[in-house]
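Noted in TrEMBL for the protein shown:
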| type | residues | note |
| --- | --- | --- |
| ACT_SITE | 254 | active site, nucleophile |
| ACT_SITE | 348 | active site |
| ACT_SITE | 350 | active site |
| BINDING | 47, 226, 228, 255, 258, 296, 298, 299 | L-glutamine binding site |
| DOMAIN | 3-133 | domain 'Carbamoyl-phosphate synthase small subunit N-terminal' |
| REGION | 1-175 | region 'CPSase' |
Ligand SMILES: NC(=O)CC[C@H](N)C(=O)O
């Protein structure tokens, strides 16, 4: 016997379905992900902390849950919305069903939802707060709780997801460089991609100071992806400015791109419904090449696309844009002679999950470290 579950959006739109995963009640920002594959990587991406993820792919859980694909130590989504869960997971790596895994980790979900209607609603009205409950059966009562729940705008969430203590990911083969990586919600594949290229990665807590960074004697600094509103972050922006003042080469991904933007003096803003999926077209404005990329962001940097900006650290410009909607997808900083000093992207070159078109960005980081060594 399945347990009925209720989903109520902040504007009152209500959907009824069945419990999927844990029973109970949960709240968060409703966002949709269009990836046809990679649900394990999505669920364990710390950037989804406090978000309820709606999967547009209609059939979820087909390949079960394995022990190799998680991107962090736990599932981070605040809730999970699917149309039809796989009844029989089947894959040679599968260890258990997704339903069991969600239940084991206490993640409240809902199935049997018309996810196409829900996604169209979010696309038209924008991302908004949502509640899912198996205990509250009255939509009005759940709506009141949704309206009293926390907003994503203004949320500072880095410390909630960051590592407590520094750890090191060893370089594979000969160590060529050392990088200090600030964990704002880092995915495991990111230091792995660096380690593959001979980088020893020291992953530091979100609260690290410039002294902590310098103690690692790094050749470069990296800021990871992560949850929350970049405009609500001040400490890490100051840390980045102190590093840029010292001429430390910097590479940032996603939240790390937004904080780079802020460190350079640009603003950030909330997108209507964000980019979450694994087939977003992005153009590298330097090479004019288009890459198909993995995205997970609800905020973006507000920077002029065609004119470079003088900053105290060098000349900043937009390096990549999304071809769907012209959103800034990358930034770079050059010295007066046009040499690259630092750069960042709004999307996911670590490609977990997603296509590997953007893997060259890790090579670009290595070249930058070589040139500044
Ligand atoms: N994946 C990320 O780093 C997300 C960054 C930020 N929290 C956003 O939603 O835009």
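From the backbone N, Cα and C atoms, a Cβ is placed for every residue, glycine too.
Features per TrEMBL, on structure.
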residue: 47; record: L-glutamine binding site; contacts (Cβ under 8 Å, 6+ apart): 76, 185, 225, 226, 227, 254, 255, 296, 297
residue: 228; record: L-glutamine binding site; contacts (Cβ under 8 Å, 6+ apart): 49, 50, 152, 155, 156, 157, 158, 255
residue: 298; record: L-glutamine binding site; contacts (Cβ under 8 Å, 6+ apart): 29, 31, 127, 152, 270, 271, 273, 274
residue: 299; record: L-glutamine binding site; contacts (Cβ under 8 Å, 6+ apart): 229, 230, 231, 258, 268, 269, 270, 271, 274
residue: 348; record: active site; contacts (Cβ under 8 Å, 6+ apart): 187, 225, 253, 254, 293, 294, 295, 296, 354, 358
residue: 350; record: active site; contacts (Cβ under 8 Å, 6+ apart): 187, 189, 190, 192, 193, 253
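Proximity of the recorded positions (298, 348, 350) to ligand 1: a Cβ under 6 Å from the molecule is found for 298.
Packing around residue 296 (L-glutamine binding site) is summarised by its Cβ count: 29 other Cβ atoms lie within 10 angstroms of its Cβ, all protein chains included. Taking the centre of the Cβ atoms of 47, 226, 228, 255, 258, 296, 298, 299 as the L-glutamine site, the nearby residues of that chain (Cβ within 8 Å, site residues left out) are 185, 225, 227, 229, 230, 254, 297. In this record, L-glutamine is bound by 47, 226, 228, 255, 258, 296, 298, 299; the longest C-alpha to C-alpha distance in that set is 13 Å.
In this structure, residue 298 (L-glutamine binding site) is part of a beta strand by DSSP.
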